[in-house]
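Below is one structure, written out as structure tokens, with a few remarks after it.
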Amino acid sequence: MGIVPEATWATIVLLFLISGGTIARGNEKIEHSLSTNSTEIVSTAVTTYAVVVSNFDCRLSGMECFHDGICSRDGTHCDCSPSPNWFGRQCELRKCAQRHNPCINGAECEKTAASFKCHCVVGFTGTYCESAVPTICDKTDENPCVHGKCRVGATVDDFVCDCHFGYTGTKCTRVNFCQTTAEICLNGDCVNDVNGSRCECRVGWTGNRCELDIDECWHETTMCQNGGKCVNTMGAFYCECPSDFVGQFCDVSHRPNDPCLANQFPCLNGGQCHENIVATTAVWAVDAHFDWRWECECPHDFEGRRCERAVDDCAIGRPTCLNGGQCARAWAEELHDSNGTVVERNWQAPQCKCLHGFEGYFCEQDIDECEQFSGGLCQNGGTCMNRHGSYLCICVGGFDGKHCEINLD
């Protein structure tokens with residue numbers, strides 16, 4: 001039974017639900033059945049976070065991890081680090097003792113009954129992996145990476161291109177405008193287009209830089225039904241429903257008894273729903289009437305009746321973004337019901353969108369592009385010099401341009 005850090009719990013739960021098995025958290029042991037697609041608490045005697053059964057993903061794909069190997073998240077191979085004396089796709093091969101390892105050039109040595117066997121990395125062969133095999137990256141006349149460095153793949157004929165700054169694509173042939181433009185997409189992501197780049201905005205945002213909130217209430221005036229009031233928020237909206245209606249659009253008729261349950265647990269973003277008794281007539285009246293309503297106790301990062309609004313840390317000066325960076329808050333995740341309706345949106349923490357050349361929480365760190373691109377920025381023998389927020393290529397005689405790409409001869 002292994003300890004599971006809190007930060008990985010969501011991943012563990014996802015794998016658990018996909019794969020079946022038993023999992024424990026806090027003082028509850030939970031079991032999920034694949035055959036019945038049901039989940040139930042089977043014990044309350046657990047006192048620590050732990051995975052009780054593992055490796056189900058690999059078994060579903062017809063593979064099992066041996067010798068305490070850990071199944072990868074995609075179920076394609078095993079991590080053998082818990083058992084350093086074993087290796088292989090399923091941790092099924094025993095390693096040679098280090099002092100008796102004759103294999104070279106990064107090969108793994110397997111201890112066999114009679115002797116040993118060397119498992120060579122791509123690009124080498126022979127009993128001891130002593131002979132180099134030319135790969136596609138070694139053939140200078142066939143180097144497939146036009147503006148990048150070639151790295152050998154799974155076989156001698158496979159390759160991966162590590163593109164130079166400003167280029168992208170399988171063979172580094174397309175200009176990466178998102179990498180070179182100074183434009184910042186505040187509530188969206190930069191996408192390369194045919195002739196440049198554009199910002200692809202997240203739900204609820206628009207504008208060239210995704211800087212404008214869409215007022216859903218103005219665009220869709222009949223969105224909230226049965227007298228519901230539409231309330232616009234930054235990047236979203238919600239409906240304030242009359243007491244007799246519930247649902248995202250006030251489209252479900254229901255007179256609440258348990259207000260939290262009747263309103264389909266209306267608190268968003270981790271808010272806790274509580275009953276709130278409101279007297280609609282004088283409490284000393286003979287026929288005094290009480291209306292059972294709900295209220296949300298919001299996490300510190302959210303506010304609003306349903307905890308639907310993220311506290312605008314940017315407006316109160318946090319975080320303070322440096323070097324031209326801009327503060328932005330973005331959607332982290334949308335949760336949908338079976339009909340595809342958004343039932344919850346979880347926000348990321350406030351973050352600084354940095355200008356190119358800077359990184360860090362406050363954009364306080366200068367990126368050393370010369371080191372990041374391993375000397376691949378400056379072409380034709382040029383020397384790369386890092387500068388604050390940028391870099392400079394010092395070209396040899398006969399060449400010019402930002403990357404020494406222009407032949408003057």
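Positions of Cβ are set from backbone N, Cα and C atoms, glycine also.
Not measured: the values here are computed from a predicted model.
Record features, source TrEMBL:
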- 1-24: signal peptide (SIGNAL)
- 92-130: domain 'EGF-like' (DOMAIN)
- Cys120-Cys129: disulfide bond (DISULFID)
- 141-173: domain 'EGF-like' (DOMAIN)
- Cys163-Cys172: disulfide bond (DISULFID)
- 174-211: domain 'EGF-like' (DOMAIN)
- Cys201-Cys210: disulfide bond (DISULFID)
- 213-251: domain 'EGF-like' (DOMAIN)
- Cys241-Cys250: disulfide bond (DISULFID)
- 256-308: domain 'EGF-like' (DOMAIN)
- Cys298-Cys307: disulfide bond (DISULFID)
- 310-364: domain 'EGF-like' (DOMAIN)
- Cys354-Cys363: disulfide bond (DISULFID)
- 366-405: domain 'EGF-like' (DOMAIN)
- Cys395-Cys404: disulfide bond (DISULFID)
(message) Applying the under-8 angstroms CB criterion, which one of 92-130, 213-251, 366-405 scores highest with the domain 'EGF-like' (141-173)?
(response) 366-405
(message) Using a Cβ cut-off under 8 Å and a sequence separation of 6 or more, which residues in the same chain sit near Cys163 (disulfide bond)?
(response) Cys145, His147, Gly148, Gly169, Cys172, Asn176
(request) Could you give me the DSSP helix, strand and coil counts for the domain 'EGF-like' (141-173)? (result) 2 helix, 12 strand, 19 coil
(message) Quick check for the class: what is the C-alpha distance, in angstrom and rounded, between Cys404 (disulfide bond) and Cys354 (disulfide bond)?
(response) 27
(request) Measure the Cβ-based neighbour count of Cys298 (disulfide bond), defined as the other Cβ atoms within 10 Å of its Cβ. (result) 21
(message) My understanding is the cutoff is Cβ-Cβ under 8 Å with a sequence separation of 6 or more in the same chain; which residues meet that for Cys363 (disulfide bond)?
(response) Cys321, Leu322, Asn323, Gly324, Gly325, Cys352, Cys354, Leu355
(request) Whole-number Å only: compute the distance from the Cα of Cys201 (disulfide bond) to the Cα of Cys241 (disulfide bond). (result) 29
(request) Sort out the sequence-distant neighbours of Cys307 (disulfide bond) for me: same chain, 6+ apart, CB within less than 8 Å of its CB, listed by position. (result) Cys267, Leu268, Asn269, Gly270, Gly271, Cys296, Cys298, Pro299
(message) At a 10 Å cut-off from the C-beta of Cys201 (disulfide bond), count the other C-beta atoms across all protein chains.
(response) 21
(request) Compare the Cα of Cys129 (disulfide bond) against each of the disulfide-bonded residues Cys210, Cys241, Cys250, Cys395 and report the nearest. (result) Cys395
(request) Go through Cys120, Cys354, our disulfide-bonded residues, and report the one whose Cβ sees the most other Cβ atoms within 10 Å. (result) Cys354
